[in-house]
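Can you read through this structure? Questions will come right after.
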Amino acid sequence: MVKSTSKDAQDLFRSLRSAYSATPTNLKIIDLYVVFAVFTALIQVVYMALVGSFPFNSFLSGVLSCIGTAVLAVCLRIQVNKENKEFKDLAPERAFADFVLCNLVLHLVIINFLG
């Protein structure tokens, strides 16, 4: 029973890797950016757990900035993906401009929250 489960998991990872290798480079770069943003948020949470969160507004601002940026990057990835039929008429330049504008608004709110 355990061997078949292990074999199924290996087959699953192999199929995911082969499917992801066909992903365009621009989507892989966006994926890397999302992973970096989430990893940065996790580092901030671990730091807060170990050291403390004295300036709590700063901690919240940093984590919300990372998570908000990751969410906006996922939205960009959805819009730029050529296989997505919902955003077929949307130009990649327009999607990137929306991403930049939303990031600007997000970070203005974050800076305002810092006080």
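Numbering starts at 1 and runs along the chain as it is shown here.
Even glycines carry a Cβ here, placed using N, Cα and C.
Pasting the relevant annotations from Swiss-Prot:
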- 1-31: topological domain 'Cytoplasmic' (TOPO_DOM)
- 32-52: transmembrane segment (TRANSMEM)
- 56-76: transmembrane segment (TRANSMEM)
- 77-94: topological domain 'Cytoplasmic' (TOPO_DOM)
- 95-115: transmembrane segment (TRANSMEM)
At a C-beta cut-off of under 8 Å, are there same-chain residues at least 6 beyond the topological domain 'Cytoplasmic' (1-31) that contact it? List them, or none.
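Here the qualifying positions are 73, 76-77, 80-82.
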In the same chain, who gets a Cβ under 8 Å from the topological domain 'Cytoplasmic' (77-94) while lying at least 6 residues past its ends?
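That would be 24, 26-27, 30-31, 34.
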